[in-house]
């Protein structure tokens with residue numbers, strides 16, 4: 001009986017997370033950016049690759065259709081990777097949609113975050129504005145990819161970072177350019193284990209600012225499995241300020257390897273990450289991400305779009 005009890009408890013723990021919401025149609029994605037159009041509520045899903053893939057649907061569950069690319073000719077930023085853009089992040093301000101993207105190559109710190117704008121989110125409607133001025137070189141303590149925008153009052157900030165010294169933030173002059181003289185400051189750092197953090201996404205709820213980020217090995221699962229727990233997963237910290245002071249549920253600083261687990265591998269879901277938060281028209285907060293569905297395949301080309309409505313307890317989110 002004791003052995004059966006242990007097995008039951010193990011299985012219960014392994015299935016502590018809700019499965020992703022339903023998805024039909026073109027459900028592939030990688031480092032997704034999701035937005036709901038203001039005019040009609042239609043959903044647009046953007047993904048890493050080429051000039052940033054665009055899919056759309058009338059419902060989160062789909063069916064999702066492939067609509068083309070944001071920048072089919074690539075970015076005007078003259079760096080390796082200008083035709084293979086990463087990590088779209090979107091917001092809407094004063095009648096315009098802004099999309100941040102990253103230009104880089106795997107393992108390189110020669111990186112830049114660019115921005116494009118549209119009034120409709122549709123393919124063919126986007127204007128590339130090139131670099132925001134948020135750039136890095138091998139001499140930088142950070143890597144300027146995975147940009148994420150947030151506004152606090154009349155100030156705008158861009159969160160960014162991947163590996164190296166992890167996650168940083170810098171103030172923007174507007175939605176297009178970094179503020180003159182602004183210096184990036186560190187938001188989060190993991191000194192433990194394999195150390196990797198990236199894909200910052202910050203949002204506000206009930207007087208708290210929440211910093212979500214992805215940790216662990218992001219890809220290559222078709223070649224080799226990382227050690228258990230070292231695959232991609234999603235963590236969260238919170239603060240009463242958008243510019244720092246983030247701690248996890250145990251009060252451990254995000255600058256000192258803190259971070260409470262929000263979503264990890266479970267069931268057929270492996271390596272969830274590249275996440276963001278969507279506030280839909282019903283004011284519900286939805287966590288979205290990519291994951292490897294072990295029933296389909298482990299390669300990047302097999303990644304799937306995942307989403308879950310967040311649950312809340314004591315102002316901490318769960319899935």
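Every residue, even glycine, has its Cβ placed from backbone N, Cα and C.
Residues or ranges marked as active site, proton acceptor in Swiss-Prot: 31. Residues or ranges marked as active site, proton donor by Swiss-Prot on the basis of similarity to another entry: 198. Sequence annotations record features per position, and here Swiss-Prot assigns N-linked glycosylation site to 190, 222. If you look up Swiss-Prot, you'll see 1-16 marked as signal peptide.
Sorting the active-site residues 31, 198 by the number of other Cβ atoms within 10 Å puts 31 first. Nearest neighbour of residue 190 (N-linked glycosylation site) by Cα distance, taken over the recorded positions 31, 198, 222: 198. Note on the glycosylation sites 190, 222: the fewest other CB atoms within 10 A surround the CB of 222.
DSSP classifies the residue listed as 'active site, proton donor' as strand under the three-state reduction. On a Cα basis, residue 222 (N-linked glycosylation site) lies 21 Å away from the residue listed as 'active site, proton donor'.
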